[in-house]
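A.B. asks: Below: one structure in structure tokens.
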Amino acid sequence: MERVRGGADPLVAGSHRHERALEEDQSTEFEESEILRDSLVIYGGLLTLIVLLFSFLRRRCPRIYNIRSWIDDLKTDLAANDQFGFFSWLFQVYVVTDDEIMQECGLDAACFVRLIQMGYRLSLVGIFNALWLLPVYLTAEDSSETESVSDRVVRTTVAHVPSSSPRLYATVIAAYILFGYTMYYTLEEFEWYTEMRHKFLRRPRARHHTIFCRNIPKEYQSSESLSEFFKQCFSDDAVLEATVPLQIPNLSRLVAQRSATLAKLEHAVAILGRKGVRPRHITVSGRNVDSIDHFTRRLDEQNHSVSTRIALLEEVSKGGFKSNIADIEVSSSEYPDMALDPFESEAVIDESNQMTEGGNENEGLLTKSISSVFSLVAGSFIQRDDYSDGPLDEPTGRNGGVVEIDSLPSPEPRSETRTIPIEFEESADLEQIGGEEGLKENESLSLLKNEGRAFSESLDKPERSNRKSIMSRSIGTVHKATSMATKASTNVAKSAVTNVAKGATFAASNVARGATFAASNVAMTAMVSASKVSSIAQSMILGEEGRPYSSGFVTFSKLSTANAALQMVQHTKPFAIDIIDAPAPQVSKRSSTTSQNVRCANNFPHQEPMTTQDVFWFNIGREHRDLQIGMIISCALTGGLCLLWTVPMSFFASLSNASAVREDFDWLDDIFDRYPKLIPLLEQLAPFLVVIFNTILPNILEYITMFEGPFSSGRVAASLFVKLSAFMIIQTFFVSAISGSVIQAINAILADWSQIIDLLANALPAQGTYFMQILLVSTTTSAGMELLRPIPIASAALRTYIGPNLTEKERNKSYMGLRPLCDPKEFEHADYTSQLVLYFMCLFVFAVISPILPVITAFCFAFMGAMFRQQFIHIYPKFPDSGGKLWANFIQIMLSCMFIAQVTIFGLLGLKKGVKQLPLYIPLMCITVLFNLYIRQNHFRVARYLPTRECLKADLARDFSTIFERGAYVQPQLKADKEVQPDSCPSTQGNMTDEEQFILH
């Protein structure tokens, strides 16, 4: 009671405040015209400023805004012969034909700008409908349910049409016109796409003649067996090459370490050339060493290690060894007494000799042969003491990727690095065992011993000129040892059987049987031991490396054969030998180094090619079970993220109508009372927050997509596009539209539940203004980021101060994610194409219920068409190019968007109680479903594959086998240069001694 006397009752005060807010909100509830006007002024002004600034800078700064005119690997005649004027570039880029864009920018780029053109033409149809829809909606008779619709923009929508009004027939007719033309135009575009796609597939490219096989059975998991399988399926001359990738983690590490050493050596030489002082550094072990000498020795070691390991892996891939590593495991289980540890080899042989009394003398040759191979191979790959110190920032042990004794299997732990000497023991008298054959084997062993000693001596003087001969001799010696061991085992078997047979003629039958059995054991043991020589040597050198993946690539000589293989079932077991079209094998990377020794800025030559591949080798070996689990994880994470994304999208949609939100939150009502200018600010900020927040999505969803095990960037883009499109439809459109509509009418709904249908029917069309804002913001921000390029400029500016920059080669390399101007990032097709889904979705839904929106979309599509054509011609590289696959994915999603939009309009007509109009509208939905089913039957398949007749024409016109480069689908590490040397820098050679000049050359 005292509180009531002391002042007004807070409940009463709150009730009065709520009533006052309702009264004030009656005039501001549908102020869409002011919001749209402010948006046009703000974002239209920003867009004009961006265009003016870009038009001025594009001629003043061609190195920034016309990259494809000065980088050799990116050069195109369209960019080099740029004659566009200050403003005329907006129109003249449309003169460039689709064929020219496909040739110079790629089919993906041509398809993307074609989709923009499609959106522009559909917007024109929407504008045509607006010419007669606007008068119909504006002149609708007043009624009690539309008396609150006073805003001029909202009065142009179907919200101003009373329920059960005959004017709703206009909505149905406009829907028939828009969606009917969309279906007709889609068929026309399919003809264009099919023609362009077939032009792309006819090109003599390795990817068009190659298939990718997944889940290959174990019996075909080698290049030779996979090639033989497809030769049996087609013909002997049908297969040009088959490649089964290998597990090469150690080689990958060695190549990466060698590249780092090469960069450090080049940097040290650059310091010498610029300052005239030989740089020094402190190693991890605390030694102060000359950097040039240190890195030169390291590079020599790493060159030798890489070249030797590549040679061995090439033998594994070709099947040059008697047994591959996979065979070793099987043989070990069959013969458990055969140890794989090279340091236990002598013990193993002694045990085998104990199997029979008569076998000790005969197996002496085999023992020496295996010992020789082990000593030779081990001595070839052991790290030497002279170069054991590592450079700064590199750990000690396993220096430079060279195999140390610690990395070899050993029966007892070893902590010190030491060299294994190459020694050979004297062999037994072979003449007593095998006669003339044994004498020949003795001569072969002597030759092997001499070569082993020569090889050991050559390691003490690792001159660069001897490296190739050293490597070749090591491999050749392994082969000779293998051959010699095999011959020895044969002689052992023959001699044993002959001696036993002679003795058996004078012995009892039971003794003969026992002796024969013993001889058989000796022969079997000898043969098994011989077959293990090369396998044990290979296992000792490569360890677990060299195992084949369950995937592979097969290249065919004819395009027709490759096309047939893509569409055929290759195995009776489901998922076995699953055939997929192959990605691009190797693409020139446009940056500081290229395979043709091109010269980047300032004519600086580069030796070692730097290429990018469309193949994700780390996912090539994923098994079917892992892929299925990864797909489930990806779907679960995407669904969870979609649910979480509802919260910010709903909040941002509520900010678009701040006057309605203030009534739900008292604290916001107090803030808006104090600062009323915050209301229009938040209403303009809401769509901007939606666009900015959506820029985070591609990075998150791309990370999720990698769980699916994609083997190429094209597969990532396709999966990422589907996810982003789903988010655009579900979150950006529906969640925003529904939450905005409900929040807008929430107070009236709470006051009178019976008015919910009428209120939602009026609130949903009013959301068109909010989506106009989103489209304007998206177009403006894209223009600012694309045309002015602030992020690439900032990245290039930071790159000039961060990272090695002494030489032109160093300056032209990316460092820690910072890219120089000559290394532009690829166009994000999945991201930008998914944004077009939102444009199309808004157009399909609001073109017939809010006729002003097609005017906004037509302007956005026209500007984006000019902007992206400009960027494709002058900025973005042509590769990677998936061949327009995203176009087909987009059309499939667009057809779904059409049906979703029709269902939305159907619901709106139901809310408007259009009982007479709904029966006329339902056939349109049925036609759309039938069209969807019709076009999915064969149109996508015809566009995906090249017809047989076209394939045969292409095969007759050229012989692909004469232009095909072998090893196109070999892993980059296996194709790496076996010996790399630092580049010769002309600006530093004058200050170098003869020794440094020799190092560089």
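Even glycines carry a Cβ here, placed using N, Cα and C.
So TrEMBL says this about it:
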type	residues	note
DOMAIN	37-188	domain 'CSC1/OSCA1-like N-terminal transmembrane'
TRANSMEM	40-57	transmembrane segment
TRANSMEM	122-140	transmembrane segment
TRANSMEM	168-187	transmembrane segment
DOMAIN	209-338	domain 'CSC1/OSCA1-like cytosolic'
REGION	385-418	region 'Disordered'
TRANSMEM	627-647	transmembrane segment
DOMAIN	632-909	domain 'CSC1/OSCA1-like 7TM region'
TRANSMEM	685-705	transmembrane segment
TRANSMEM	726-750	transmembrane segment
TRANSMEM	836-866	transmembrane segment
TRANSMEM	886-911	transmembrane segment
TRANSMEM	918-935	transmembrane segment
A.B. asks: Do the domain 'CSC1/OSCA1-like cytosolic' (209-338) and the domain 'CSC1/OSCA1-like 7TM region' (632-909) come close, with at least three CB pairs under 8 A (pairs 6 or more apart in sequence)?
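C.D. replies: In contact, yes.
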A.B. asks: By a Cβ-Cβ criterion of under 8 Å, what residues six or more beyond either terminus of the transmembrane segment (685-705) are in contact with it?
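C.D. replies: Same-chain residues near the transmembrane segment (685-705) but 6 or more away: 39, 634, 637-638, 641, 645, 648-649, 652-653, 655-656, 716, 719-720, 723-724, 727-728, 732, 736, 770, 773-774, 776-778, 781, 828, 830-831.
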A.B. asks: Answer with yes or no whether the transmembrane segment (122-140) touches the transmembrane segment (918-935) by the criterion of at least three Cβ pairs under 8 A, sequence separation 6 or more.
C.D. replies: no
A.B. asks: Checking distant contacts: for the transmembrane segment (836-866), what same-chain residues at least six beyond its ends satisfy Cβ-Cβ under 8 A?
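C.D. replies: Non-local partners: 47, 89-91, 93-94, 113, 115-117, 119-120, 122-127, 129-130, 133-134, 137, 153, 156-159, 171, 174-175, 178-179, 182, 724-725, 728-729, 732-733, 764-765, 768-769, 771-772, 774-776, 778-779, 782-783, 890, 893-894, 897-898, 900-902, 904-905, 908.
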